[in-house]
Amino acid sequence: MKLKSFGVFGNPIKHSKSPLIHNACFLTFQKELGFLGHYHPILLPLESRIKNEFLHLGLSGANVTLPFKERAFQICDKIKGIALECGAVNTLVLEDDELVGYNTDALGFWLSLGGEDYQSALILGSGGSAKALACELKKQGLKVSVLNRSSRGLDFFQRLGCDCFMDPPKSAFDLIINATSASLNHELPLNKEVLKGYFKEGQLAYDLAYGFLTPFLSLAKELETPFQDGKGMLIYQASLSFEKFSASQIPYPKVFEVMRSVF
């Protein structure tokens with residue numbers, strides 16, 4: 001049986017559960033796929049060229065995580081779906097010798113919310129994940145605000161119709177979303193007292209990090225604010241990515257069940 005290689009680019013990457021859940025699916029669905037897939041973590045130096053690495057490693061597909069999602073958008077031969085709007089790519093697939101970029105973070109995040117009725121969201125951070133979430137939340141009709149420590153990247157969110165801030169707005173939000181990398185450094189993304197104010201009036205504190213109780217989520221727990229980590233989003237976006245890797249042979253709900261069973 002033919003062997004195909006896949007992977008996930010990131011820095012850091014040691015924490016990623018993507019290899020675990022994708023390899024479970026390549027094993028489960030190898031008969032339907034007609035090939036044996038292997039998916040591995042790829043620690044990418046910050047100055048690396050993603051496309052060169054992808055081709056050099058002979059990959060058929062890859063996921064992209066922090067801090068490369070915006071750079072991945074720039075190196076694709078084609079961009080499809082909501083990735084065109086959000087300027088960030090988390091899924092790369094080699095299709096007819098062209099490197100095609102997709103974004104499954106956007107829908108993956110929305111599906112992980114479970115259909116709850118939220119009206120407003122505050123996104124902390126302005127990177128590739130924040131862009132994907134803002135696009136999807138705007139599409140779903142929410143009022144979206146973005147808070148970032150600097151003006152870097154905020155022009156994108158302004159064009160999208162989001163309210164943008166460099167200082168914490170004095171408003172209440174249903175969703176408070178940590179899309180920064182602060183949790184990977186075991187830090188809060190924002191002043192503790194300011195966060196407390198948001199959590200006390202919010203409906204859900206959501207951290208894109210997963211696998212441990214982050215300082216962000218720990219604070220929400222302390223205040224008895226409902227909270228959620230990024231595990232659900234990871235599995236949904238990975239299921240949607242796997243569907244792309246399989247050329248739509250395996251629909252994402254089937255993939256989701258396998259991934260959920262191993263993580």
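The backbone N, Cα and C atoms fix where each Cβ goes, and this holds for glycine too.
The annotation active site, proton acceptor is assigned in Swiss-Prot to Lys69. In the three-state DSSP scheme, Lys69 (active site, proton acceptor) is classed as helix.
Here Swiss-Prot flags Ser16, Lys17, Ser18, Thr65, Asn90, Asp105, Tyr210 as shikimate binding site. The secondary structure of Asn90 (shikimate binding site), as reduced to three states from DSSP, is coil rather than helix or strand. The Cβ of Asn90 (shikimate binding site) lies under 8 Å from the Cβ of Asn63, Val64, Thr65, Lys69, Ala72, Tyr102, Asn103, Thr104, Asp105, Gly128, Ala132, Gln237, Ser241, each of which sits 6+ residues away along the same chain.
If you look up Swiss-Prot, you'll see Gly125, Ser126, Gly127, Gly128, Ser129, Leu208, Gly230 marked as NADP(+) binding site, on the strength of sequence analysis. Counting Cβ atoms from all protein chains shown, Gly125 (NADP(+) binding site) has 22 others lying within 10 Å of its own Cβ.
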Do you know which of the binding-site residues Ser16, Thr65, Ser129 has the most other C-beta atoms within 10 angstroms of its C-beta? Ser129
Three-state secondary structure, which DSSP defines for Asp105 (shikimate binding site): helix
Which chain-mates of Gly127 (NADP(+) binding site) that are at least 6 residues away have a CB under 8 A from its CB, listed by sequence? Leu66, Pro67, Lys69, Glu70, Ala88, Gly153, Ala179, Thr180, Ser181
